[in-house]
Amino acid sequence: MENLIALLIAAPLLGAAVLLCGGRALDRTGHLLGTLLSLASFAFGLVLFTDMLGKDAEERALHQHLFSWIPVEGFQADVAFQLDQLSMTFVLLISGVGTLIHIYSIGYMEHDERRRRFFGYLNLFLAAMLLLVLADNYLLLYVGWEGVGLASYLLIGFWQHKPSAATAAKKAFLVNRVGDMGLSIAIMLMFTTFGTFAFGPVLEATGDTGEGKLTAIALMLLLAACGKSAQVPLQSWLGDAMEGPTPVSALIHAATMVTAGVYLIVRSGAIFNAAPDAQLVVTIVGAVTLLFGAIVGCAKDDIKKALAGSTMSQIGYMVLAAGLGPIGYVFAIMHLVTHGFFKAGLFLGAGSVMHGMNDEVDMRRYGGLRKYMPVTFVTFGLGYLAIIGFPGLSGFFSKDKIIEAAFAKGGTEGWILGSVALLGAAITAFYMTRVMLMTFFGEERWRKQAAIASGAGEDYQEPHPHESPKSMTIPMIILAFGSVFAGGFFSIGDRFLHWLEPVTAHEHGHPPISAGAVTGATVAVLVLGVAAAWLMYGRRPVPAVAPRGSLLTRAARRDLLQDDFNHVVLVRGGEHLTRSLVYLDHSLVDGAVNGTAASVGGLSGRLRRLQNGYVRSYAVSMFGGAALIVAATLLMRAV
Amino acid sequence: MNPVNYLYLAALLFSIGATGVLIRRNAIVVFMCVELMLNACNLAFVAFSRLHGNLDGQIIAFFTMVVAAAEVVVGLAIIVSLFRSRHSASVDDASLMKL
């Protein structure tokens, strides 16, 4: 069985190699090959999963040692895999959702002449992401970590002929680099502290290591997680990453890659458990991002960017849960999985809408689409109900548990975190209802837009909304099933809890208010959010051009000034820093060097005058010297 | 007579010689002044020999005379060649290492 683990990664890797090196000969069949290999990976995952289910909870982890990567005295780096329940969950999510999105992309990218390359990149992403979750040491994890970063860069910039896409890819890469630096520093710290970076020894050794060192490692890991998972303060890249094709946004920037940070924190749980200060920072990052993303999501008119804000916010929930320690790990991963379903479904739905609307992304130019795209409407609607936490659907179970766990943290922190999570739930309901209403309900604004545009002599083609082909709708239907039933399936009988508990450990939290009250409050804020959105966007017609809006709306439209902040603080700050460094270099360093040269030159000019060639002046210096010596001798004797 | 007076005389002679070396231009006169300083030293040595009651100073005086004689030979030769090349015995004219 162990030998299948490597095949999980090898299948998509082979696909990437063949598709990227194969050339034009594969243009007509490449997408099928890529999908097939992704499906093969999923099939291997299922085989391993059924095998794992047949064993006792404690004996489920599989290990495979492939080869020694860097065998040096005192430094052992192996290519070895570890498949436990946590990795298994990710493997199924990645390869499962990945395969669905491959199938979807067959239809979505049909008219793109670089489709083969697109599938090559997708396969590369799958291989790197599987490597990330299957590695049994931090160094190999880092390889996967960089691999998904590369795939993300290539796919965001897939339409590189658009300057905006090329810039967005670069931005994502650069911001991720900051996080990657955190991960590499964390790995170095681990090596100096523990002498190894394999999960087993490192996580077992946390008990007898100083808290200061563990806090440093944990904070560096958090920095890495912030970069990859678009958490404050490294969140700015995710919105722009929507420049990539929509299947990419669904797979990489919603369901899998951006959750790698949560995986990292949960996997390193032992380190975080031993560093309470770092855990507190994790919860704060999660809570801040949760609100940040939600507020941004409320103001965006671009359907994908609204969903991106939502992704950020939902990952904020996961990070918040992961920061709570053993009471939250399981729920973080559970929300991650359900979020994988409904958010991928929502993005695919958004892609389907764009497909039928001439790639229009402005929701103000949508409206009343439910008649034209019934399948998209229903699947998107189910995803919508799941994400806002409609009772009985996936999001309800997973988010409710996180809110409960946040309250259970105890003390003032518990109350603050719990309230923030509740507030986030209300805003989630608001912005998702807004997206839903603006897209599928209300008047058909695209008709009016066409009339306005033709009056103004603009080049605007009136779209003819239509349902997408089967290859696109079937993945959406499957994901909608997941969005509806996954949460209930996981929660009934605490199935997911028992599944993950051997890996992440679990403590039952004791919230200061009863679980029923938390659920009641969640449903209440949900109703509140939906009602507010309906009042603003359902009852009143939506203007086709965005109104100016309040100060907060305008700020949120500009991503709460994140880019302005980065520009003022980092770009300008960097410029000032380099300028002052250049000045220092000129004045201090060059000044010292040039000053030395000038003073030596001046001194030698003066000394040169002594050498005038007149015997008399030499004699004077000789007499002077002799007189000095005599005077000194006499003086010494007198003393 | 008190031997210390000889020391005063030696100091006087040495000062005259030193002044001569510093202010005269003619090489021959400068040379003579150098000799004067040497002899002032000799006088001081002999006086000290007398003062301390041993012969060390007198022996050193002999050495000085030998060295002075050798110096005269070399010095006069230099002055003669200097005069030949520059047609002048002024030390100021010989301020360069080349002709």
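Every residue, even glycine, has its Cβ placed from backbone N, Cα and C.
Taken from TrEMBL, the feature transmembrane segment applies to A:31-54 (among others).
The domain 'NADH-Ubiquinone oxidoreductase (complex I) chain 5 N-terminal' annotation in TrEMBL covers A:69-119.
What TrEMBL records for A:89-106 (among others) is transmembrane segment.
What TrEMBL lists as transmembrane segment is A:118-135 (among others).
According to TrEMBL, the feature domain 'NADH:quinone oxidoreductase/Mrp antiporter transmembrane' maps to A:135-421.
Per TrEMBL, the feature transmembrane segment maps to A:181-202 (among others).
Per TrEMBL, the feature transmembrane segment maps to A:214-234 (among others).
Under the heading transmembrane segment, TrEMBL lists A:246-266 (among others).
Feature annotation from TrEMBL assigns transmembrane segment to A:278-299 (among others).
Summarising the annotation, TrEMBL assigns transmembrane segment to A:372-394 (among others). Same-chain neighbours of the transmembrane segment (A:372-394): 310, 314, 338-339, 341-343, 345-346, 348-350, 352-353, 356, 400, 425, 428-429, 432-433, 435-436, 439-440, 465-468, 473, 476-477, 479-480, 482-488, 522-523, 526, 529-530, counting only residues six or more beyond its ends whose CB sits under 8 Å from a CB of the stretch.
Look at TrEMBL and you will find A:414-437 (among others) tagged as transmembrane segment.
Here the transmembrane segment (A:474-493) has long-range neighbours at 97, 100-101, 103-104, 334, 337-338, 341-342, 344-345, 348-349, 352, 375-376, 378-380, 382-383, 385-387, 392-398, 401, meaning same-chain residues at least 6 beyond its ends whose C-beta is under 8 angstroms from one of its own. Annotated transmembrane segment per TrEMBL: A:474-493 (among others), in sequence order.
According to TrEMBL, the transmembrane segment annotation covers A:513-537 (among others).
According to TrEMBL, the feature transmembrane segment maps to A:615-636 (among others).
Panel annotation: around the transmembrane segment (A:513-537), residues 388-391, 396, 399-400, 403-404, 407, 418, 422-423, 425-431, 433-434, 437-438, 442 of the same chain, lying at least six beyond its termini, place a Cβ under 8 Å from a Cβ of the stretch.
The average pLDDT computed for the domain 'NADH-Ubiquinone oxidoreductase (complex I) chain 5 N-terminal' (A:69-119) is 91.
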